[in-house]
């Protein structure tokens, strides 16, 4: 594992762990955010669960390297959904920047570790 990959993995895992738990437990900010994005609250819970799965996958990736690109792909797809949601309600670039940055980091992590993806269970 190269140092850039490890740094990005830690950063992404922490960010999505925090965001996923906030959504799952219904923090005021996440509830208001999903209302602003005109998304149902049940979708907030599902999004939080998917973010937690991705974050836990990145943590597992410290021992099983194939989990890193798979989790990067999952979180990158989640980020694309978030970006589309912000665009749909005509949010500013400033409001969209965080999820855009996290999506870029997720896809960079996927790209750096792409060769390990073939070892992920079910990808053989």
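Cβ from N, Cα, C; glycine included.
Annotations in TrEMBL come from automatic prediction, not curation.
What TrEMBL says about this protein:
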{"type": "TRANSMEM", "residues": "6-25", "note": "transmembrane segment"}
{"type": "TRANSMEM", "residues": "45-63", "note": "transmembrane segment"}
{"type": "TRANSMEM", "residues": "69-89", "note": "transmembrane segment"}
{"type": "TRANSMEM", "residues": "96-114", "note": "transmembrane segment"}
Hey, which bits of the same chain come close to the transmembrane segment (69-89), Cβ under 8 Å, at least six residues off its ends?
12, 16, 36-39, 47, 50-51, 53-55, 57-58, 60-61, 95-96, 99-100, 102-103, 106-110, 113-114, 116-117, 120, 123
Mind checking which residues reach the transmembrane segment (45-63)? Cβ under 8 Å, same chain, six or more beyond either end.
9, 12-14, 16-17, 19-26, 30, 70-72, 74-75, 78, 81, 109
Contacting positions for the transmembrane segment (6-25) when only residues 6+ beyond its ends and CB under 8 Å are counted:
34, 44-45, 47-52, 54-56, 58-59, 61-62, 68, 72, 75, 78, 102, 105-106, 108-109, 112
